[in-house]
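Engineer: One structure coming up, written as structure tokens, with questions to follow.
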């Protein structure tokens, strides 16, 4: 299936009852081939989806609400198109389930089937909402730099790193809130924050910020943009270790937060940023 066949940008009919067939998978392979990935993945990681508009009926017909988090492995063959995900979650609203566990089991089964890999699902019920945290991405802000920018399509030539053999490798965590890309189907802007942690030659901060800004007119799904950022930094700056984590603002009750790395480390924190 390709994005043009998805529900994006089309008139919407909301399902009256639970319907797993609403999920619309999109293969990752096409976008990855455009990035030069044709065999083994040069990274691993997770796409963290948070769903804020999930509701269903209990066995007695009383509405229940929860926030759902889905952990989709980067090696899954498919992603789920976001509007189809919204419509699928909306189909729970007038359907009865015996328990929260029953809802979680159905979500895990259906989304795993659509993605082609095992997806972890967590549900936070209303009485636990106050436990949810909000925080900003840790790291040195690139946005502090006062600079000119005039490139608004991804340009890896903006990236550079120290090349002296005598230069000791550095370890840095850098962040920016200036990431913007655009939906490849509707053209709607997607706003995000990005965190880049690396070990290796010192990356030029001004060039990295200009590179992040260069996504401003780019069309691509969230996951594809993060993978492109990861690969461009690896190729241009040659770090020994690299991790890229983006948190995008929500649309349609969903936010998507892709994480890619080439070394083992804990799962990134799923705390919402202020803009989410």
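Residue 1 is the first one shown; counting continues down the chain.
Glycine is no exception: its Cβ is also placed from the backbone N, Cα and C atoms.
Feature list, courtesy of Swiss-Prot:
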type     : residues             : note
BINDING  : 80, 81, 82, 222, 223 : substrate binding site
BINDING  : 82, 83, 251, 252     : NADPH binding site
ACT_SITE : 183                  : active site, thioimide intermediate
ACT_SITE : 190                  : active site, proton donor
Engineer: Measuring C-alpha to C-alpha, could you say which of the recorded positions 81, 83, 190, 222 are within 10 Å of residue 183 (active site, thioimide intermediate)?
Structural biologist: 190, 222
Engineer: Any idea of the Cα spread of the NADPH site, 82, 83, 251, 252, as a max distance in Å?
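Structural biologist: Maximum Cα-Cα distance: 9 Å.
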Engineer: DSSP secondary structure for residue 82 (substrate binding site), reduced to helix/strand/coil, please.
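Structural biologist: DSSP call for residue 82 (substrate binding site): helix.
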Engineer: Roughly how many angstrom lie between the C-alpha atoms of residue 222 (substrate binding site) and residue 251 (NADPH binding site)?
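Structural biologist: A Cα-Cα distance of 12 Å.
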Engineer: Within the same chain, and leaving aside 80, 81, 82, 222, 223, name every residue whose CB is within 8 angstroms of the centroid of the CB atoms belonging to the recorded substrate site, in sequence order.
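Structural biologist: In sequence order, the nearby non-listed residues are 26, 47, 49, 79, 85, 221, 256.
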Engineer: Residue 251 (NADPH binding site): which of the recorded positions 80, 81, 190, 223 have a C-alpha within 10 angstroms of it?
Structural biologist: 190
Engineer: Which entry in the list of recorded positions, 80, 183, has its Cβ near the fewest other Cβ atoms, using 10 Å as the limit?
Structural biologist: 183
Engineer: Would you count the other C-beta atoms found within 10 angstroms of the C-beta of residue 223 (substrate binding site) for me?
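Structural biologist: Around residue 223 (substrate binding site), other Cβ atoms within 10 Å: 23.
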Engineer: About how far apart, in whole Å, are the alpha carbons (Cα) of residue 83 (NADPH binding site) and residue 223 (substrate binding site)?
Structural biologist: 15
Engineer: Around the Cβ of residue 252 (NADPH binding site), how many other Cβ atoms lie within 10 Å? Please give the count over every shown protein chain.
Structural biologist: 15
